[in-house]
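S.K.: Sequence annotations record features per position, and here Swiss-Prot assigns compositional bias 'Basic residues' to 1-12, 238-254. Per Swiss-Prot, phosphothreonine is recorded for 65. Taken from Swiss-Prot, the feature compositional bias 'Polar residues' covers 66-83. The annotation compositional bias 'Pro residues' is assigned in Swiss-Prot to 153-164. The annotation coiled coil is assigned in Swiss-Prot to 272-323. Here Swiss-Prot flags 273-295, 302-314 as compositional bias 'Basic and acidic residues'. According to Swiss-Prot, the citrulline annotation covers 342.
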């Protein structure tokens, strides 16, 4: 088993980027397994071993690699054409320093120029420690989808001082945002999307989905309300406080029952009803008074009629004045009943003196 110390000896004294990554033995082991499983490696005769094994032999793993660094781009997959390590000034040590300590991002390419150019004499790129075997398998599956994608380039040999077309002169640059890790076909512009992913629907698709959602929401609204009503759990009522489980819960005290209040009437209607009641009372009193008046009139008329009849009878009667009291003594009881005492002075004054007739 190769340890980070032994591997650093064999690589010829490469300087690690960060001492914290020396403990990641498992990740370096994965990178070695990936390298051994790749039979397409070829070495260039003129390049020193340190340059050829620059991407593999570094035992360090940066804790947080910038999104645009070639290490992250190498770990993205075998077919990833996004980043290339820049060629050095001419010495192997300079190339090692550029590859290990100063990772640089690649410049923005025009849509006409491919992302990177393949080189038949170069070896297949290695998987970095940060991605591992899972990232390599994912990259291989994506590479099968796009067979025409160019391979990642390694640093050129020290004898070639000229950079490749599309590359930038070495120098520290700020890291760019994370780029797409899926392969691109050569000649495909930067703005195009991958073939493995479906193209975005755009406004038309989103609008259509929103329209479908709006149409479906109106139809599902009553159904959702019904479901909510049906889903409400039936909570059983507990034992009454009094302990009477047979107690009828519908029965309540009269004070607890809700009583309907009488309908409120307007002020005008109240005054109208009061006036009507007053008129009814007045009319009833008037009727009683009228009835009493008629009764009194009838009584008075009756009395007057009786008095007038008596007077008429007296006027029409024939009387005999008894001037001899001895006759009264000899008269019988039956005769005495018909005899009356009356005041005859008024009659004598009104009428001329007549000869009185004796009653038999």
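Residue numbering: from 1, along the chain as shown.
Positions of Cβ are set from backbone N, Cα and C atoms, glycine also.
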S.K.: If you draw a 10 Å sphere on the Cβ of the residue listed as 'citrulline', how many other Cβ atoms land inside?
M.R.: 10
S.K.: Tell me the residue counts in helix, strand and coil for the compositional bias 'Basic and acidic residues' (302-314), as DSSP assigns them.
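M.R.: When I sort the residues of the compositional bias 'Basic and acidic residues' (302-314) into the three classes, I find 13 helix, 0 strand, 0 coil.
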